[in-house]
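Notes follow once the structure below has been shown.
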Amino acid sequence: MMSGRMNGGTKLRLAAMARTLLAGTAVWAGLCVPGGFVTGNAGALAQGLSEAGMQGGSGAGLTGIPTSAARAGNGTADSVYAFDPAAAGMRKAGQGASLLAALGGEPAPFDINAARSQPQMVEPAPGAAPAPAAAPAAHEAAPPAVGAGAPAPGAATPGAAQPATATPATATGVSATEPGAPSAVAARIGELITDQLPRFAARANEQQALAAFYAERQYQPLFTAGTAWSPLGTAVQQQFAASWQDGLQPTDYEVPALAAHPSDADLAAAELKLASTLMLYARQVQSGRFDPKRISANIDPSPTVPDPIVVLSEVAGAADARAVLAGYAPQYDEYRLLKAQLASTQGERRGAPPPHVPAGPTLRPGDDDPRVPALRARLGVPGAPTDTYYSPELVDAVRAFQASAGERADGAVGPVTLAALNEAGEDRTADIIANMERWRWLPHAVAPAYVIVNIPEYMVRIVVDEQTIHETRVIVGKPENQTPVMTENMQYTVFNPSWNVPPGIMRNEMLPKLRSDPYALARQGIDVVRNGRTVDPGTVDWSRGSQGYSFRQPPGERNALGNMKFMFPNKHSVYLHDTPNRSLFARDQRALSHGCVRVHEPMKFAEVLFSLGLPGDGWNQQRISKLIGGKEKYLNLKQRFPVHLVYFTTYVDGDGRLVSRPDLYGTNAATKAILGIGGAAQVADRGNAPRRR
């Protein structure tokens with residue numbers, strides 16, 4: 001159901017639906033009917049066609065949409081219209097309810113692949129008169145006319161036969177003989193979109209974006225001009241070639257070169273290939289190359305996946321396409337600092353990351369070997385990806401490398417040279433790239449204020465306008481009780497909190513203690529509760545388990561949460577909190593908790609937090625201290641802001657130094673493995689379904 005005005009993407013999609021009808025496939029509301037379509041809301045379609053530049057139903061060669069529905073946008077549910085390809089119009093075919101019932105109920109969501117699988121309508125033979133449109137049945141009312149009882153100009157009149165001179169519809173929705181008809185390349189683009197769309201885009205939303213975008217352009221090419229790439233197409237490919245600067249692999253975005261004299265079909269295929277690669281690039285540089293949940297269920301990221309039709313539209317209308325594409329990369333300052341470090345460690349000539357050269361027999365000048373492309377890429381020597389000849393140019397590059405490494409410069413790549421080649425800068429470069437990848441797991445829009453906890457660094461920071469205004473030490477989860485990677489909004493603070501022991505801790509840690517000593521928890525100030533009442537733990541047979549019981553630690557100095565906890569509700573039930581064991585913050589390695597994040601000097605942290613969340617309310621440490629003691633108290637924030645729990649093992653510190661931290665949970669190693677850094681095959685996601693471990 002649509003109401004009000006629609007955005008450009010909606011207009012493009014509705015325009016594409018109309019032109020798809022003209023191409024011979026009827027699609028609407030997810031129910032694809034050969035020769036027709038079923039609308040769940042005829043008025044909504046009429047409104048969309050009008051706003052997409054097709055007034056009422058006539059501008060698109062469509063009839064049967066009531067003017068009142070076009071104005072109101074609500075129409076009559078389950079109206080059924082049929083499409084007459086010769087007349088390029090619609091006619092009322094029957095009551096929607098009966099046809100829907102016959103077809104099995106309500107329509108499913110729109111599926112372009114399902115639409116493409118429907119039988120195509122046959123165009124009339126050249127010179128043949130099209131079949132007349134069927135008149136409405138006696139019990140049906142013809143659709144109301146546009147305006148004051150008169151048909152719209154150019155609209156088919158229901159019940160009247162169409163002239164024998166009607167032009168057959170083409171795949172582009174425009175007669176090839178009409179003035180201003182699309183070019184031959186445009187016609188080929190329309191055919192490819194109609195018949196071979198999955199060839200160019202694997203994801204359904206990207207298929208729909210291609211279809212809608214080019215339909216809106218009347219299938220005119222954007223990235224090619226004549227028999228060559230357009231300036232825009234060239235600029236986009238230059239950005240692809242520079243993708244190594246963002247830690248991406250330029251070979252993932254290669255577009256086949258145009259032949260000297262390409263055919264119309266070649267140009268159309270190149271156009272769509274570049275457009276689909278553009279969508280892939282924007283998606284991967286902004287939201288990442290694989291589903292992070294493949295690493296762990298504790299990784300629950302919030303990436304912002306760009307709308308593919310917006311990507312195409314923004315690039316098409318840009319004065320500087322490369323600047324637009326650069327804007328899809330993460331905009332956090334820390335990401336930019338890593339990007340600068342990548343450039344300094346890798347150099348302008350080299351890809352990112354340099355591929356691993358596999359082991360094998362000694363490679364000698366003149367050999368033909370499948371490892372040659374990897375060797376060439378590692379040394380930055382240009383050549384075709386399929387060229388396996390160990391050429392003189394590559395031999396010279398190997399000799400230069402051997403000389404710089406203090407080896408005998410004979411050009412033969414044996415085990416020693418191979419090991420030196422693969423080790424040269426790879427670990428450092430790979431770590432930078434893996435950490436840049438994880439910056440894509442955050443929301444793309446940088447919030448004006450946010451809290452960020454870097455798990456491997458054991459630090460929390462409060463950031464305003466990309467400037468750290470407060471930082472302090474934290475304690476994070478042990479490897480067996482990992483702090484999750486996630487983003488949620490800070491909402492409130494609880495003073496003097498009770499601790500309700502999580503089921504996992506109850507089962508794995510407390511129950512064994514109770515079996516050996518029923519009063520072990522009582523000595524820690526933890527109550528055993530059943531049906532809301534505290535029970536004597538010595539009266540319970542703990543050998544039978546803890547079902548029906550809960551464990552609760554009331555507020556107090558011994559409470560595991562300390563005096564306060566900072567809440568950003570999430571499915572992992574983790575939060576930031578105080579702790580009675582404050583001496584642990586003196587340790588360098590602070591992976592000691594069950595998953596929650598313990599904050600050093602929480603009073604100062606709360607003061608800064610409240611200055612942002614409760615601006616102007618005068619919350620200082622003295623006022624906050626008055627809330628400590630007694631019963632639980634809640635303080636809701638007026639202004640909410642994100643809390644990012646992140647995992648960065650490599651980062652640039654305040655002095656501009658590249659710092660590496662231990663990979664506590666193995667997340668960095670897993671990231672590198674999935675990206676294919678260090679010799680593993682690259683398996684980054686390109687299709688619809690994420691693969692999970």
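For all residues, glycine too, the Cβ spot is worked out from N, Cα and C.
For reference, TrEMBL has these:
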| type | residues | note |
| --- | --- | --- |
| ACT_SITE | HIS577 | active site, proton donor/acceptor |
| ACT_SITE | CYS596 | active site, nucleophile |
| COMPBIAS | 124-177 | compositional bias 'Low complexity' |
| DOMAIN | 449-627 | domain 'L,D-TPase catalytic' |
| REGION | 119-179 | region 'Disordered' |
| REGION | 345-371 | region 'Disordered' |
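Cα to Cα, CYS596 (active site, nucleophile) and HIS577 (active site, proton donor/acceptor) are separated by 8 Å. Of all the Cβ atoms in the protein chains shown, 25 others lie within 10 Å of the Cβ of the residue listed as 'active site, proton donor/acceptor'.
Looking at the domain 'L,D-TPase catalytic' (449-627) alone, the prediction's average pLDDT is 94. Packing around the residue listed as 'active site, nucleophile' is summarised by its Cβ count: 23 other Cβ atoms lie within 10 angstroms of its Cβ, all protein chains included.
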